[in-house]
Amino acid sequence: MRSKSSEGDLQPEDTQSREDKETTATYSEDTKPETQKERNAALDNLAKTPIQLVVQPTPLTPAITPCEAPPPPPPPKPSSDNNNSKRLKVKDQLIEVPSDEVGRVENNIDNFPFYHGFMGRNECEAMLSNHGDFLIRMTEIGKRVAYVISIKWKYQNIHVLVKRTKTKKLYWTKKYAFKSICELIAYHKRNHKPIYEGMTLICGLARHGWQLNNEQVTLNKKLGEGQFGEVHKGSLKTSVFAAPVTVAVKTLHQNHLSANEKILFLREANVMLTLSHPNVIKFYGVCTMKEPIMIVMEFCDGKSLEDALLSKEEKVSAEDKILYLFHAACGIDYLHGKQVIHRDIAARNCLLNSKKILKISDFGLSVKGVAIKERKGGCLPVKYMAPETLKKGLYSTASDIYSYGALMYEVYTDGKTPFETCGLRGNELRKAIIGKRISLAVEVELPVFIANIFEQSRQYETEDRISSKQIIQIFKEEVGFHEIETSGILHKLVNSLPRIHNKERKPAAVAV
């Protein structure tokens, strides 16, 4: 029931103020005063009575104790990326992705299409041409083998090291960890996940035909041994149905070689990739997927030119000497046209096949370019090197021509080493050549045009030397050699060599 009051001032009975709602004074109903005097006395007593405070508690939401599990979240939408219930945290920032979430993947790294085996950074970057291109390669950090993902991102080449966890040995680069490299690559590529700083894997580069599997190569007879490994006669299986091809195989020593030495070994293959000429040894491919690393090349069933010249059983004829020098000039000219400097032209690096075709081989020191400057120690073929190389470390097509003159000396002295009898070795010989105190001389009868080529190839100044094209032109004019395009093999056409008379004898140079 509401009490009446002035208009607009309605208040329910027994309504208390805000403070009265929070704090209430208690007294018994039978002590309620009736008279004004009693009421005043009651008020005095009430003032002396202590007030009891009754605080109404605010209801609280029940807390979840540590032993209680939180309510389950709603089931996620079906997605490979949201399948977190199967994932296990490896570290705070890593999540292990199970194999069934990745999907079907070829887990043998050797068969993975984007894996290129052992490869140097420079060789790798030459293959990355478009934005998003990537490949996986093997390298060495200290004595430990590691895998690197190389990516072309915008205008930069980025090399991301694949790391491994300590306990489970899982592979990771940024956030997710996997049981294999192949799963890591497949997951990031399929789901467009950044492999590093926002970079995604767009286009994987497959291996080329010259990147061979070790299982394709069979090693047979050992033919020799070099600085980095051995040379074997072997066979190469090019396809399931084709017969094996007889090849020469250079194998790299598996022990005690640094990553830089392995890269130097493979530099020969890198130079040979684009070469194809009848007077240059044919390149089949490399095996870099696993040890041993191998370079597979054409097998020449003859000897090296050096062995042929030194042979006492069968002397090299005058006609064949000219033929071999012509073949060598054609091979060198082809290399220079491809901007390749051989840097080790010598009879030991010229191979002969059963058809007496000479082929330039051994590209271990070769470099791409027209001219380079390189200062390095080690064992250098001083007796074949040009003065500018010995003095300043300059290599060019002209320095190859200077070495071609040394090859001519070997041919016409039946395999003698240049400066063999001068009594100087090493640094003493180097200083004598630089100081013009000694020069190479052929003390035998030479055809006039051969003597002229020799003299012009051994000029001290690079600009005074003859070029490979000029040498070939002289051979064609004097002897009549030419190239038959249908077979790509050089043949001797004109029938007789110019007669050599004593009056035509012209020493190319005189030892001082």
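Backbone N, Cα and C define each Cβ position, glycine as well.
Going through Lys237, Lys250 against Swiss-Prot, the one listed in the ATP site together with Leu223, Gly224, Glu225, Gly226, Gln227, Phe228, Gly229, Glu230, Val231 turns out to be Lys250. Most Cβ neighbours within 10 Å among the binding-site residues Leu223, Val231: this distinction goes to Val231. All chains included, 20 other C-beta atoms sit within 10 angstroms of the C-beta of Asp344 (active site, proton acceptor). Remark: secondary structure over the domain 'SH2' (114-205) totals 18 helix, 40 strand, 34 coil, with classes taken from DSSP. Counting Cβ atoms from all protein chains shown, Gln227 (ATP binding site) has 11 others lying within 10 Å of its own Cβ.
In the three-state DSSP reading, Glu225 (ATP binding site) counts as strand. Every protein chain shown contributes to the tally, and the Cβ of Glu225 (ATP binding site) ends up with 11 other Cβ atoms within 10 Å.
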